[in-house]
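According to TrEMBL, the protein carries these features:
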- 23-287: domain 'NADH:quinone oxidoreductase/Mrp antiporter transmembrane' (DOMAIN)
- 60-80: transmembrane segment (TRANSMEM)
- 92-115: transmembrane segment (TRANSMEM)
- 151-170: transmembrane segment (TRANSMEM)
- 177-195: transmembrane segment (TRANSMEM)
- 201-221: transmembrane segment (TRANSMEM)
- 233-253: transmembrane segment (TRANSMEM)
- 273-293: transmembrane segment (TRANSMEM)
- 289-342: domain 'NADH dehydrogenase subunit 2 C-terminal' (DOMAIN)
Amino acid sequence: MNPYILAILLFGLGLGTTITFASSHWLLAWMGLEMNTLAIIPLMAQHHHPRAVEATTKYFLTQAAAAATLLFASITNAWLTGQWEIQQITHPLPTTMITLALALKIGLAPLHAWLPEVLQGLDLTTGLILSTWQKLAPFALILQIQPSNSTTLIILGLASTLIGGWGGLNQTQLRKILAYSSIAHLGWMILVLQFSPSITLLTLLTYFIMTFSTFLVFKLNKSTNINTLVTSWAKAPALTALTPLILLSLGGLPPLTGFMPKWLIFQELTKQGLALTATLAALSALLSLYFYLRLSYAMALTISPNNLTGTTPWRLPSTQLTYPLATSTAMTICLLPLTPAISALLTP
């Protein structure tokens, strides 16, 4: 892609998210979300592969449906209450509609079916943007409206953690596994949103760091399925030793960074008297942990002299910068002891 066009598209992505962040009016927020969608579409379809074009079309249709619902709900709110302010949304009907529209935008279950299909058709770099940056603007709106209907949020959250765990169990494609991982993590964030927005933000940030590391590892190894992971030990032995730790951090095992948000969410849900919800979320985390362990097993425990299940690819020198990967990997593995400091920074 022409670097000037790429720069304009990335600027559009940044500007769309910033407009949504800064807006207090529903029409401006909607405009920011639309800019975001339109800026990423050329990035998704840039390889002109049939799968990429199919993924782009699916993404465009779902985002357009979500944006139309959001616009309809905000107009309904203005009609019912005379308010265009984002934080002045009081009527339950538009609130529920907006919550569901934003859930479709970020891919919360049961409105998640587009996410694995779309992510599977993209290259890893665009997939990383879709899994991280594209979640920011809708999340900012969900945090601002603070939906009053707590049952809706808890159902969405529990459904996402369960489907995110179940859906990834029988997958062999890494991008689909990461999509289901994304759905499960978003479920955790939505569960605790109404009780502690600061914990939701902390979970979002740690999810971004862990996902960034995972995508960069797969990009460095040029891996798109489990079989190509098996031969990665010959290309980058040190990275292959660290990757299981990154994956287990995504699964939320102590003493890794990923344990921190889960621990704080459990604590908060128990404080709110939702012990059953917390237990169900914990059990669904075990489902997710299974497929992270499966990837770790493929990378670390099938190396020589055992039989290889994948064909050895050409070992071409990688042109990828390793500094971002080194930084994010260190953060993915080592941030748990800083939990009190990070909590203190995020609590208002």
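Cβ coordinates are placed from backbone N, Cα and C, and glycine is handled just like the others.
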Beyond the flanks of the transmembrane segment (273-293) by 6 or more, those residues with Cβ under 8 Å of it: 154, 157-158, 161-162, 164-166, 168-169, 171, 177, 180-181, 184, 187-188, 191, 247-248, 250-253, 262, 265-266
PLDDT averaged over the residues of the domain 'NADH dehydrogenase subunit 2 C-terminal' (289-342): 82
Long-range neighbours of the transmembrane segment (151-170), counting only residues six or more past its ends (CB under 8 A): 96, 99-100, 103, 108-110, 112, 116, 176-177, 180-194, 274, 277, 280-281, 284-288, 290-291
